[in-house]
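Visitor: Quick paste from TrEMBL:
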{"type": "DOMAIN", "residues": "2-118", "note": "domain 'PLAT'"}
{"type": "BINDING", "residues": "Gly17, Asp79, Asp80", "note": "Ca(2+) 1 binding site"}
{"type": "BINDING", "residues": "Asp39", "note": "Ca(2+) 2 binding site"}
{"type": "SITE", "residues": "Trp103", "note": "site 'Essential for stabilizing binding to COTL1'"}
{"type": "DOMAIN", "residues": "118-564", "note": "domain 'Lipoxygenase'"}
{"type": "BINDING", "residues": "His368, His373, His551, Ile617", "note": "Fe cation binding site"}
{"type": "DOMAIN", "residues": "565-617", "note": "domain 'Lipoxygenase'"}
Amino acid sequence: MPSYTVTVATGNQWFAGTDDYIYLSLVGSAGCSEKHLLDKAFYNDFERGAVDSYDMTVDEELGEIQLVRIEKRKYWIHDDWYLKYITLKTPHGDYIEFPCYRWITGEGEIVLRDGRAKLARDDQIHILKQHRRKELETRQKQYRWMEWNPGFPLSIDAKCHKDLPRDIQFDSEKGVDFVLNYSKAMENLFINRFMHMFQSSWNDFADFEKIFVKISNTISERVMSHWQEDLMFGYQFLNGCNPVLIRRCTKLPEKLPVTTEMVECSLERQLTLEQEVQQGNIFIVDYELLDGIDANKTDPCTHQFLAAPICLLYKNLANKIVPIAIQLNQTPGEENPIFLPSDAKYDWLLAKIWVRSSDFHIHQTITHLLCTHLVSEVFGIAMYRQLPAVHPIFKLLVAHVRFTIAINTKAREQLICEYGLFDKANATGGGGHVQMVQRAMKDLTYASLCFPMAIKARGMESTEDIPYYFYRDDGLLVWEAIQTFTSEVVGIYYESDQVVEEDQELQDFVKDVYVYGMRGKKASGFPKSIKSREKLSEYLTVVIFTASAQHAAVNFGQLFLGMYPEEHFIEKPVKEAMARFRKNLDAIVSVIAERNKNKKLPYYYLSPDRIPNSVAI
């Protein structure tokens, strides 16, 4: 009688093991096996991190194995189990891999296909078509769209973390990490003392040092020592935590009536201000988005204020960016003067502080929350709803949306909700941050997520004219590495543009992002469909770059782009492409490390060894 060897790998997460009964049956082209209890005498099966093997004899030849069914039945109490993968050795000595990487909860069942990635057109057998269809039907019931606030990208329909599908919840270990990291951040900032500082007047600028008292690294120490200087102020627009707002000024705006006479002492080339603009030496950062946003009024004892500044910057003869004029609100007038470096020391310093305050609000709510977290959640929900686990694009993207929906759900519970941390600590709390996202959605476009396009749109692409823009330099290297990788993967599974166009699951994924995530707004530029391999590669690069590199640049990452611990792909060509991807990323790490040598203020946020795969890792 035919005999199979079944190898079962249990996850390493906390509580991944189970004491429940595990049954397995095989579905082949020539027949189905009976259910077999996977159990070894006097042995504790399916412990956390274990890899267990079992011999399984069947009554008759099953033919080519198409599906594996795993059932879990209660032993004493319901005991969730995380199954990594199953490997099957056939009677003919062949090995078949069945990736899973999912939780089996309650008295549940999972049906697995082998690990070969397949497009829908590749499935000609009815049982495989049916499995594919049922998986998506189940997922679409679990992953529902919801409007958290009018005008926002749609999010997951879950009021709290425990309402999420088990497979996308934080596992216990990650959940503990979240709590500990949250607590550590509060401890590092002395949050209670920090709050109190904002509820009373500060006596002198030395109070700023209290914020840094427990944050110790090369960058924070350098910033703490030099934060008052114009060179540091300008540098942060290029390589700080919000390096996406500065743009080349091609025409002085009428709402900023600055003249050559006003800034003459800052101009080093003996040119007029207009001539400096024409030569490309003037840059601008405009916080117009904050104009009219309601300041936080949740605490009647604390008066909070917002500004909507315009900051003009100049590239000096040393090719460094320095501020030369600041107007704190959008409408010029006697009550809204233009502050200059030639003003009294503390007048100029306070003007710069107002700009930094405004930059913080845009960074936290728009650059970070909206343009990485919420956008990545949109991609994640659409992926789960429209791409089965066997689809190559699912296998490619799943690592880059890991825990994204969970961390965003936690944020809606604890951070950006009513009475959350935003309301307690931010001047845009109490509803202002919601207004900001609603406004910013009008400017959130597909092109703004395409890194090279975004850089060019702001006139910041020239390495010769702007030599110290490391965010741009490193970002382009990482973007190109990701795009090369996605192009290889697309080429493996799509032999022509026609195959891309005819992949209905892919088109449904792209349409879900456009219709629900971007609310069907044509002006967003998000594609409704994708009709070529080149455009598909670009789209996938946007998804991966946004979740990994862009988030790292504005949130300071801690993990490793290009590392895929869950082996969803089993095909050799894809594994070879992954190896080349890692090699390209290693080369970028070396380039960045060499550049950073001996730098007093190194830039390493986009070094691939510091880039997390997703916004929540």
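Just so you know, glycine gets a Cβ as well, placed from its N, Cα and C.
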Visitor: What does the structure give for the C-alpha distance between Gly17 (Ca(2+) 1 binding site) and Trp103 (site 'Essential for stabilizing binding to COTL1')? Integer Å is fine.
Guide: 10
Visitor: From the centroid of the CB atoms of Gly17, Asp79, Asp80, the recorded Ca(2+) 1 site, which same-chain residues not already listed sit within 8 A by their CB, in sequence order?
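Guide: Going along the sequence, the neighbours appear as Phe15, Ala16, Thr18, Asp19, Asp20, Phe46, Trp81, Tyr82.
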Visitor: Within 10 Å of the Cβ of Asp39 (Ca(2+) 2 binding site), how many other Cβ atoms are there?
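Guide: There are 13 such Cβ atoms around Asp39 (Ca(2+) 2 binding site).
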Visitor: State the Cα to Cα distance, in Å, between His373 (Fe cation binding site) and Trp103 (site 'Essential for stabilizing binding to COTL1'), rounded to an integer.
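Guide: Approximately 24 Å lies between the Cα of His373 (Fe cation binding site) and that of Trp103 (site 'Essential for stabilizing binding to COTL1').
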Visitor: Whole-number answer please: how many Å between the C-alpha atoms of Asp39 (Ca(2+) 2 binding site) and Asp80 (Ca(2+) 1 binding site)?
Guide: 17
Visitor: Could you give me three numbers for the domain 'Lipoxygenase' (565-617), the DSSP helix, strand and coil residue counts?
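Guide: Summed by class, the stretch gives 28 helix, 0 strand, 25 coil.
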Visitor: Roughly how many angstrom lie between the C-alpha atoms of Asp79 (Ca(2+) 1 binding site) and Trp103 (site 'Essential for stabilizing binding to COTL1')?
Guide: 10
Visitor: What is the one among the binding-site residues His368, His373, His551 whose Cβ has the most other Cβ atoms less than or equal to 10 Å away?
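Guide: Of His368, His373, His551, the one with the most crowded Cβ is His551.
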Visitor: Looking only at the domain 'PLAT' (2-118), what is the model's average confidence as pLDDT?
Guide: 91
Visitor: Could you check which of the recorded positions (Trp103, His368, His551) sits closest to Asp80 (Ca(2+) 1 binding site), going Cα to Cα?
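Guide: Looking at Cα distances from Asp80 (Ca(2+) 1 binding site), the smallest one goes to Trp103.
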Visitor: Cβ distance under 8 Å to Trp103 (site 'Essential for stabilizing binding to COTL1'), same chain, sequence separation 6 or more: which residues?
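Guide: The answer is Asp80, Trp81, Tyr82, Leu83, Arg166, Asp167.
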